[in-house]
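Enquirer: Can you read through this structure? Questions will come right after.
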Amino acid sequence: MPGKLKVKIVAGRHLPVMDRASDLTDAFVEVKFGNTTFKTDVYHKSLNPQWNSEWFKFEVDDEDLQDEPLQITVLDHDTYSANDAIGKVYIDIDPLLYTEAATVISGWFPIYDTIHGIRGEISVLVKVDLFNDLNRFRQSSCGVKFFCTTSIPKSYRAVVIHGFVEELVVNEDPEYQWIDRIRTPRASNEARQRLISLMSGELQRKIGLKVLEMRGNAVVGYLQCFDLEGESGLVVRAIGTACTLDKLSNPAPFAPSCNSPCKEIKEAPFIEELNPNTHSSGPSTPLKNQTYSFSPSKSFSRQSSSSDTDLSLTPKTGMGSGSAGRDGGAFKALLRQQTQSALEQREFPFFTLTSFPPTFLVHVGGVVSARSVKLLDRIHNPDEPETRDAWWAEIRQEIKSHARALGCHAVVGYSESTSICEEVCILSASGTAAVLNPKFLQEASAEGCLEQRSEETSPTPCAFCHIPYDELNMPFPANLTYCCACRKQKVPDVLFTTIDLPSDAPVIGKGCLIQARLCRLKKKSQAEANATVISSLLPFMEYELHTQLMNKLKLKGMNGLFGLRIQITVGESMLLGLASATGVYLSSLPTPGGIQIAGKTPSEGSYDQHISHMQKKINETIAKNKDLYEINPPEILEETVGSPIPEPRQRTRLLRSQSESSDEAAELDLSHGKKDAFVLEIDDTDAMEDVHSLLTDVAPPPGFYSCNTEIMPGINNWIPNIQMFSSVRVIRLNSTNLTNQTLNKNFNDLCENLLKSLYFKLRSMVPCCLCHVNFTVAVPEEESIQVAVTAVAITFDKQQALQVPKPRPEKPQPRGSDPEEQLQFPLELSSDSPGPSTFSPARDVPERGGSPAGATQRAVSLDKSSPLAESHLRHRGGGGGAIPSVTVVKMTPLSFIPGAKITKFLGIINMFFIRETTSLREEGGVSGFLHAFICEVFAMVRAHVAALGGNAVVSYIMKQCVFMENANKNQAQCLINVSGDAVIFISESEVEAGPGQPTAPGPQSAGVGGDSAT
């Protein structure tokens, strides 16, 4: 399918002075695509040139349109010497290749230079004409949509979820080529950016081809990563979930389910049932076949004789029993046959999605993870990267075997990551073992099930907590009790997952961010010796991180972790571990016991006294946390019943079934009694420090909550004011007398101080919740630690809370107990904010007002020289002309915008930037350099979205931030990779007030320690 690419250079503005004599510039533009280059005329002596060039036309194959970026270079003309480069713009053409997306790219793009940053802007028009032919899609994958969001995109429904797709491409890193010794830093950086852009396009095209082979049309949960392997080369890899998506033809009835967080799906099934079975007769059969096909088709070779048979039978039995009663024997037989064939087609039953509709998950087994330490070698043939493929295949096989051991046939919330230091690379993969509902997958879209009403009678909301494995043959030791909700099935005492909290999960109280942090020193060594040391340390680090998470979960009085993400980062002389998750109290699981400290025996009297004092403090902390997070209602009746918490909760929530099961449950629960206390044995200094770290964990200040999932469990009255921010901090360690204890303290202080600074800067948004808190840890130099965090602050309001219908009966009572602890005060923001309009995830109709400009400007210090502030004004004048009411492109890591409805997805934004400086001190040191660079990244992302006609970026993530510094030479370099989905949204408040109501301008930037707000 060849195509014609047409480019027009319109004008430039705010160009830098290149001629010192006249304080002006003689600018012209080179437009390059593939091997063809066009030039505009030179516009003499102007900082705001008006080229108005003719249309430059490139006749290229559609394969090149996907692989190659459009390169626009702005130069200053010199008569007697080489032309000076002002900067470049890379434009991805792929969004124009979708049938439903933008037809033209038109807007002002920041002109970016890797040494000087943003140097003015250029107005560009880009169009693509595609010609259909008989070989359509043979070499290209035009038309395949990519989404970063880890749930089915709003305004779409899933016809079929096909499954896991992965690909990687490798090449030599220009930074380590011999020519790099003689070329300028600018040329080296630009060569690197150009190569990464090419590899990214090639990777997307190859993944798209795999999707087309599976008869899909989209990739959801697309995660692309860059592995900078130094002299070994450069690897770009990606994973995702292939789907067949259908655009909702009449989005009006689906408004509640299209524009809200995961809790929105509570009402989605009933809305979608208004037009049932519109697609169940045709695509439904392959859907059940394809989706449930993810029961593992292959096993580890050492288990093939037994595991293959067992697991291939499991889905057939489940599907047959689930469908026979209603669909008849013939359909059941057909279903079995289709499932069996699908099982043979799929190798890895993985899903990169983290958010699902109700009843999609039948059971959740727990977190499965695998790590491997590898030695990097030079990539001899970039076209055949078998070595890297084999490495990841080993990891995925191990994940699959772990899921099987838990009695599960699929892995959801799956992700992969690497950590590289010199020749050593740690490969990591994790996910949540799960059993999926084939009936749901066959006859429903993944954003709302058509036959959910009939399905919900069999699987109760607590069903996903029930164990999927055999109680008599458990894969690991666990304390099992009967489910506190249904009293019929067994549940574990705690549940760890990598997914978001299911929308219908019974939760008591609010959630909170729980982090485990760990550092370990190691000896400096090379090659195999280094890899051996790291391999021996990894299991102990994972065990300690798990123990920390368990202790902190008990200290909060909670029993479930969601959104768990564990990072292991390797440096020359240390290993860092950071685990982040959102703790919740699941009412289906038993009440967690306390933490009991056991001292050494025999011991001195003063030591015993110290132990008892610490025990008292721990008990007080647990009680305080239960009050803070409103986890106290079930404990009221505990003493009167004589059995643990499940009995009174059953009496409160399920009166009709309490009489049937109370005797049996009491008998079973009494066997556990109050022995649930988690014993911490203090037998050395490390154990004592672990206990102290528990007690010194600082809770958020009054008015703040935090979580790393999209929405905080237990809060349903959001106000449509969001504030996204990114922050990067680097600390240098004193190498003298560095021990594990001091290293741990420094790392803990770094993370805690980072959170405290965010609370301080956002203090005027109280009551406020930090959602989607995403930490990334790196060891850029031998004696430094870098932590980057991206999150979004959302306000919530007490006044409307009483009017919002609560989806769970446990919440109304605790909400009235202590308003100060619930932090639901009237919003105190500037006049830019709207009135008391709120948005409830349960109700699902969000509203949007102005950005909280005044609030954040009071809470943060503004950097007047930041290009982001200028970009706000620039975007108002150009770029987003199709949406006159838009003043600034919103950015959020969430998959939705509170108070708004996403009407169109315009394509994926995947950008890689390099910034280098030889005057670090003059630019404000590390903080000023990082802050300015992050602001420039924000400005460039906004410009590309506005040029597509969009007004927001959702599912935004800063996937990489690699900082390197040479303080002696006053030099620094930073690499940032960001991605997200460009969208068009309509504000609910704008629809009600009419199109003439403008939105308030957004905030600009925060300026301390490399922080940025957007």
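Just so you know, glycine gets a Cβ as well, placed from its N, Cα and C.
Here Swiss-Prot flags Asp19, Asp76, Asp78, Asp84 as Ca(2+) 2 binding site. Swiss-Prot lists Asp19, Asp26, Asp76, Asp78 with the feature Ca(2+) 1 binding site, giving sequence analysis as the kind of evidence. The annotation region 'Disordered' is assigned in Swiss-Prot to 274-328, 639-669, 801-878, 992-1014. Per Swiss-Prot, the feature compositional bias 'Polar residues' maps to 275-292, 830-840. Per Swiss-Prot, compositional bias 'Low complexity' is recorded for 293-318, 993-1006. What Swiss-Prot lists as compositional bias 'Gly residues' is 319-328.
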Enquirer: Other than Asp19, Asp76, Asp78, Asp84 themselves, what residues in this chain have Cβ atoms within 8 Å of the centroid of the Ca(2+) 2 site's Cβ atoms?
Expert: Met18, Thr25, Asp26, Leu75, His77, Asn83
Enquirer: State the Cα to Cα distance, in Å, between Asp84 (Ca(2+) 2 binding site) and Asp26 (Ca(2+) 1 binding site), rounded to an integer.
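Expert: If we compare the Cα positions of Asp84 (Ca(2+) 2 binding site) and Asp26 (Ca(2+) 1 binding site), the gap is 10 Å.
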Enquirer: For Asp76 (Ca(2+) 2 binding site), write down the residues of its own chain that are at least 6 apart in sequence and whose Cβ falls under 8 Å from its Cβ; none is a fine answer.
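Expert: In sequence order, Met18, Asp19, Thr25, Asp26, Ala27, Asn83, Asp84, Ala85, Ile86 meet the Cβ cut-off.
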Enquirer: Tell me the Cβ neighbour count for Asp26 (Ca(2+) 1 binding site), meaning other Cβ atoms within 10 Å of its Cβ, over all protein chains shown.
Expert: 20
Enquirer: Per DSSP, to which secondary structure element type does Asp84 (Ca(2+) 2 binding site) belong, with helix, strand and coil as the options?
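Expert: Asp84 (Ca(2+) 2 binding site) sits in a strand per DSSP.
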Enquirer: Could you check what DSSP calls Asp26 (Ca(2+) 1 binding site) once collapsed to helix, strand or coil?
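Expert: Going by the DSSP assignment, Asp26 (Ca(2+) 1 binding site) belongs to neither helix nor strand, so it counts as coil.
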Enquirer: Using a 10 Å cut-off on Cβ-Cβ distances across all protein chains shown, tell me which of the binding-site residues (Asp19, Asp78) has the largest neighbour count.
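Expert: Checking each of Asp19, Asp78, the winner is Asp19.
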